[in-house]
């Protein structure tokens, strides 16, 4: 009701007439001619005189029922066009013309924006269409690959080499990045900063640009940018190059790299390592964690060696993947625009390089027993001033971080098991098709999630973390206890699986006996 009655309310404007305020009231339904006549009489201007009305800034005000209202503090002025004030009239016309030109310019800009938005929408629709076609093509490719593998198996054909991104004989293949990195900056909240230091951090909630920003923050927070005189832009370029050189594997991908690096950052804080070790050691630990699985092809060392791949031949069957990760890491660092250690003394850089290589090579699980036994001999009388002791500790720390998923909460850890099994099954399927040996823990026909995890947690994770706990007792509650809980969880799942299998077996036997009686 309020809106309908307001349409009949009179309109009021205030005029400046010879320095005095003149109030003019008229109906909203008056014609422009009536309003002009009313304004003329109120301003002492003869009837039928051509007039214009301007605001205090000299801008033209339309003389019709839609004119904007004003106040006694912002008076309109009625100007007769027949007066001799030609100079003022000319200025006013010029003002009006400039306003009209500005309005036309805005209208053209709006049309340009509309055209640009329409073009972008068309491009996006085309991309969506192309992506849909890609999905169809990928499905066709998968079917073709399966047929090819089946054909190779039936013929007993030759093995396919594991693809490798880099051919070092042809020189560097890493694309230089001389531009300023443009990944969207993510500003970390105080809650994120605090949770980033804890093993409970949920790594699944972050996009790649956010993970890059978190890694960048870690380097700044630990004082590594200052310690190594890193150019912040170089640090961004290096991180982008790192991300681009992780493949889209189910498990060994950039998110795994971030996961391991975040756990290393958390252990540095939890164990107060900055008080016990040097800043150079912090840089070595973080950089080795970031680079430790670069260009992982998704097929482990056993496959590389059995299939006699290019990597296995290149590195003489000795940790072929880990050697390759190191090579790619330093290939990236060899680019001036990505060299975060460019301002480090050459002799110091040589030691940093050797230390990073040592840590990445330590992630080969074939060396697990050797490295853990060496640490066990030192842990009871550990000496932080002993270089050999500290190197051994750093090797154990990167190993802990590399296989630390079960330390995290179940809802964070369990999806990683699915990802790892998917990668294992891809490898075992390929091994079967190529006539290679298949490890039972990777065979989709033999392994389950509980059987895959129980032995690994009981005989690899818990013994290693409990040994580290001797040196850093503070990790028991936040890291070791979750491992024990995880072991109990998977043992319960296994009992349920076993019970269901037994029930199904009895049901099958019962049905079989019933069939014989008939």
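Quick reminder: no glycine exception, Cβ is built from N, Cα and C everywhere.
TrEMBL labels come from automatic prediction, so no person has curated them.
Annotated domain 'PDEase' per TrEMBL: 176-497, in sequence order. Here TrEMBL flags 252, 253, 254, 255, 256, 293, 402, 453 as AMP binding site. Per TrEMBL, the feature active site, proton donor maps to 252. What TrEMBL records for 256, 292, 293, 402 is Zn(2+) 1 binding site. Annotation source TrEMBL lists Zn(2+) 2 binding site at 293.
Positions of TrEMBL features highlighted on the structure.
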{"residue": "252", "record": "AMP binding site", "Cβ within 10 Å": "25"}
{"residue": "253", "record": "AMP binding site", "Cβ within 10 Å": "19"}
{"residue": "254", "record": "AMP binding site", "Cβ within 10 Å": "21"}
{"residue": "255", "record": "AMP binding site", "Cβ within 10 Å": "17"}
{"residue": "256", "record": "AMP binding site", "Cβ within 10 Å": "22"}
{"residue": "292", "record": "Zn(2+) 1 binding site", "Cβ within 10 Å": "27"}
{"residue": "293", "record": "AMP binding site", "Cβ within 10 Å": "25"}
{"residue": "402", "record": "AMP binding site", "Cβ within 10 Å": "22"}
{"residue": "453", "record": "AMP binding site", "Cβ within 10 Å": "25"}
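Mean model confidence of the domain 'PDEase' (176-497) amounts to 95 (pLDDT, 0 to 100 scale). In terms of Cα spacing, the binding-site residues 253, 254, 255, 402, 453 that come within 10 Å of residue 292 (Zn(2+) 1 binding site) are 402. Taking the centroid of the Cβ atoms of 256, 292, 293, 402 as the Zn(2+) 1 site, the other same-chain residues with Cβ within 8 Å of it are 252, 257, 260, 289, 296, 363. Here AMP is bound by 252, 253, 254, 255, 256, 293, 402, 453 per the record. The longest Cα to Cα distance in that group is 23 Å.
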